Ligand code: IMP
């Protein structure tokens with residue numbers, strides 16, 4: 001199975017690393033690739049009892065022998081990249097096998113300034129971004145005034161591009177947001193200061209990955225953010241500015257859809273969301289607080305508390321559809337150990353009408369209230385279970401019921417944070 005996509009099926013933070021861990025137990029993974037987003041992501045990885053957090057780097061950076069790739073669809077802050085690399089180097093991690101696409105767009109300090117000031121300006125309509133400059137960098141890309149990694153190696157071109165980018169940005173900063181304009185010289189100097197260190201890492205990553213697939217190597221495309229945060233398919237405008245869905249992987253890596261073998265959607269046994277936007281199963285009561293506490297639902301990137309709610313099968317079915325999922329990986333089932341009765345959202349009611357599928361408009365989605373079915377809890381610690389049969393009967397029934405309503409087969413279930421705390425439902 002050479003080309004595998006692992007992506008988030010809800011609003012992010014589903015524990016995508018668990019799926020990667022399980023894949024790595026059955027085959028060596030040669031390449032781990034990020035294809036969208038930037039250092040707004042957050043992966044927590046535990047290796048030999050040591051905890052690491054990556055934001056921009058693929059988790060493969062911690063796997064000896066694997067090549068980590070930051071592909072063209074990613075927006076790269078060189079400052080964040082080097083800070084992350086230096087953090088790992090200081091802990092003795094070998095980071096030599098990192099490749100960065102020449103075509104990836106660059107996040108400069110002015111993108112961060114604009115992200116922060118525009119959020120403040122939006123007031124109660126704010127997106128709740130991570131404030132890392134992601135949206136403004138993608139905005140420049142689509143407006144064709146972006147700076148790409150390769151531009152850092154040609155000062156003349158770099159200056160031209162920065163001038164073009166700042167022409168409009170500076171007007172906006174000064175005239176709308178009442179901020180000081182950014183100086184071209186300062187930005188050029190800032191970006192050039194990264195060039196020497198970046199140069200040996202840069203390559204044509206589309207060529208590299210396609211050749212690797214031709215040779216039968218295993219390539220893992222590691223999702224960041226998630227389906228419901230997709231700029232096309234998520235809860236727009238409360239989304240990120242890229243395409244974390246499976247289609248975005250092909251665009252973001254320069255790899256055709258016919259090359260992908262598996263698309264694994266990672267989904268929590270309940271739901272969380274960071275930032276603003278609609279969330280039909282969100283809980284504001286003790287259950288929500290308990291999910292947050294037991295699940296340790298605090299953002300890796302921003303330290304923000306995650307909003308929590310019950311499993312939403314409408315979202316699951318939608319994710320299965322827009323991603324063409326071949327399977328789901330259900331995570332954090334153990335978090336539900338103590339509930340006597342577990343609600344699951346099977347449909348929505350919108351203005352008195354039942355919707356079994358995602359409503360067509362965001363207005364309807366904002367008005368959606370969950371229709372719940374209730375399942376018996378299992379009331380025992382499942383973190384030691386290592387096979388589906390070892391799970392208590394009620395936990396098995398919960399998993400089977402979710403599978404039936406979620407639109408794709410369940411491959412495996414996570415029962416704890418450790419690499420080995422996984423139950424395979426069916427072998428692939
Ligand atoms: P941005 O990606 O910083 O522009 O933020 C846009 C929205 O996506 C905000 O609601 C963020 O909280 C959310 N978001 C971005 N990255 C992640 C992530 O890795 N996990 C969960 N939410 C995220």
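Cβ atoms here come from the backbone N, Cα and C positions, even for glycine.
Per TrEMBL, the feature active site, proton acceptor maps to 13. Its Cβ placed at the centre, residue 13 (active site, proton acceptor) has 26 other Cβ atoms within 10 Å.
Within 10 Å of the Cβ of residue 43 (active site, proton donor) there are 23 other Cβ atoms, across all protein chains. According to TrEMBL, the active site, proton donor annotation covers 43.
The Cβ neighbour count for residue 141 (active site), using a 10 Å radius over every protein chain in view, is 19. In the three-state DSSP assignment, the secondary structure recorded for residue 141 (active site) is helix. Residues or ranges marked as active site by TrEMBL: 141.
Long-range neighbours of residue 306 (substrate binding site) (same chain, six or more residues apart, CB within less than 8 Å of its CB): 13, 272, 273, 274, 292, 297, 298, 299. A coil conformation is recorded for residue 306 (substrate binding site) in the three-state DSSP classification, outside any helix or strand. Taken from TrEMBL, the feature GTP binding site applies to 12-18, 42-44, 306, 332-334, 414-416.
Sequence annotations record features per position, and here TrEMBL assigns Mg(2+) binding site to 13, 42.
Counting only same-chain residues six or more apart in sequence, the Cβ atoms lying under 8 angstroms from the Cβ of residue 42 (Mg(2+) binding site) belong to 13, 53, 54, 55, 299, 300, 301, 302. Under the heading IMP binding site, TrEMBL lists 13, 14, 15, 16, 40, 41, 42, 43, 130, 144, 225, 240, 304.
Taken from TrEMBL, the feature substrate binding site applies to 300, 301, 302, 303, 304, 305, 306.
If you count neighbouring Cβ atoms within 10 Å for each of the binding-site residues 18, 304, the highest count belongs to 18.
Take the Cα of residue 130 (IMP binding site) and measure to each of the binding-site residues 12, 44, 303, 415: the nearest one is 303.
Annotated substrate site 300, 301, 302, 303, 304, 305, 306; additional same-chain residues within 8 Å of its Cβ mean position, judged by their own Cβ, are 42, 274, 298, 299. Checking the recorded positions 13, 40, 130, 225, 333 against ligand 1 with a 6 Å cutoff on the Cβ atom leaves 13, 40, 130, 225, in sequence order.
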